[in-house]
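Enquirer: Take this structure first; my questions come after.
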Amino acid sequence: MTKQKVAILGPGSWGTALSQVLNDNGHDVRLWGNIPDQIEEINTKHTNRHYFKDIVLDKNITATLDLGQALSDVDAVLFVVPTKVTRLVARQVAAILDHKVVVMHASKGLEPETHERLSTILEEEIPAHFRSEVVVVSGPSHAEETIVRDITLITAASKDIEAAKYVQSLFSNHYFRLYTNTDVIGVETAGALKNIIAVGAGALHGLGYGDNAKAAVITRGLAEITRLGVKLGADPLTYSGLSGVGDLIVTGTSVHSRNWRAGAALGRGEKLEDIEHNMGMVIEGIATTKVAYEIAQDLGVYMPITTAIYKSIYEGADIKESILGMMSNEFRSENEWH
């Protein structure tokens, strides 16, 4: 692939890690953010120490506070901003874009107010003549590992397979590999909903339960994620892939996962507001729990783990009692995903 110009919107941990992948591939990378000290640090010290204390970035990776400068003459735009501001940033991008670009996003969540997936938001806010079909970049990926060039395999999903193949070529190298998929609904819902299950797995750890319980919540969590996704129009096979079971494993078993760490803290009895303050990063699984619970209630989808976590976070139920309560639920077949 020839050298491409890519704007990455959101210089958080994942946006920064992906900027390095693209830079390693010889592309022109521009990070955009709205925190002056962070932007100055990236440009002058070539570090982003809030997320990576010991990593020095290549000097070719630049950052700006000026969205117009970031978008000028780019071939592709990657959204890596928190779910709750995706629509706002998309509107700002739409007001500036003056040429067609490949639009990608690598965030994992559902909009709280509308319950919409992020690709839908981008399609609504950015005129079709200025963008490709949206490409979703998702899968089992800790930024802490990608930034040190550890082997990572993820998915590029789009309704337009050619757009997905473009993104596959854009990012893939000797340590970072993408597979294509056309099931956007499946890939996005898997990426968003697995954060809920990671909170649950972390809570079990915080409560002192062992590997048996953690394996159970991850596998039964996959079942309820699949049930909801299929109801929304996804292919059930997607949940067996990188963006499904792959992402669920990496997020539901690792201390690198902010959702897992948040769940572990909840299990230890810490207050949510203290957890969010101490972590200093967005915990997407907290907001997604509420959205998924509401969707499941509207559609009549059985999601006991999501319900237990929802009641603990939003209704003040004791998290241990909520989890143990699932043990007395109605008996079911293991393979029910519909």
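Every residue, even glycine, has its Cβ placed from backbone N, Cα and C.
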Enquirer: Which of Arg87, Arg177, Arg258, Arg261 does Swiss-Prot put in the same NADPH site as Ser13, Trp14, Lys108, Ala143, Val282, Glu284?
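Expert: Site partner of Ser13, Trp14, Lys108, Ala143, Val282, Glu284 for NADPH, according to Swiss-Prot: Arg258.
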Enquirer: For the sn-glycerol 3-phosphate site that Swiss-Prot assigns to Lys108, Gly139, Ser141, Lys194, Ser257, Arg258, Asn259, which of the candidates Asp98, Asp150, Asp247 is also assigned?
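Expert: Candidate in the recorded sn-glycerol 3-phosphate site: Asp247.
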Enquirer: Provide the number of Cβ atoms within 10 Å of the Cβ of Glu284 (NADPH binding site), excluding the reference atom itself.
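Expert: Total other Cβ atoms inside 10 Å, all chains included: 24.
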Enquirer: Go through the recorded positions Gly139, Ser141, Lys194, Asp247, Ser257, Asn259 and tell me which ones have a CA within 10 A of the CA of Trp14 (NADPH binding site).
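Expert: Passing the 10 Å Cα cut: Ser141.
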Enquirer: Kindly assign Asn259 (sn-glycerol 3-phosphate binding site) to one of the three DSSP-derived states: helix, strand or coil.
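Expert: Reduced to three states, the DSSP call for Asn259 (sn-glycerol 3-phosphate binding site) is helix.
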Enquirer: Counting across all protein chains present, how many other Cβ atoms fall within 10 Å of the Cβ of Lys108 (NADPH binding site)?
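Expert: That number is 27.
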Enquirer: Using the alpha carbons only, what distance in Å do you get between Ser141 (sn-glycerol 3-phosphate binding site) and Val282 (NADPH binding site) once rounded?
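Expert: Their Cα atoms are separated by 16 Å.
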Enquirer: Could you tell me which three-state DSSP class Ser141 (sn-glycerol 3-phosphate binding site) falls into?
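Expert: In three-state terms, Ser141 (sn-glycerol 3-phosphate binding site) counts as coil.
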Enquirer: Near Val282 (NADPH binding site), which residues of its chain come within a Cβ-Cβ distance under 8 Å, counting only those 6 or more away in sequence?
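Expert: Pro82, Thr83, Arg258 - these are the non-local Cβ neighbours of Val282 (NADPH binding site), listed in sequence order.
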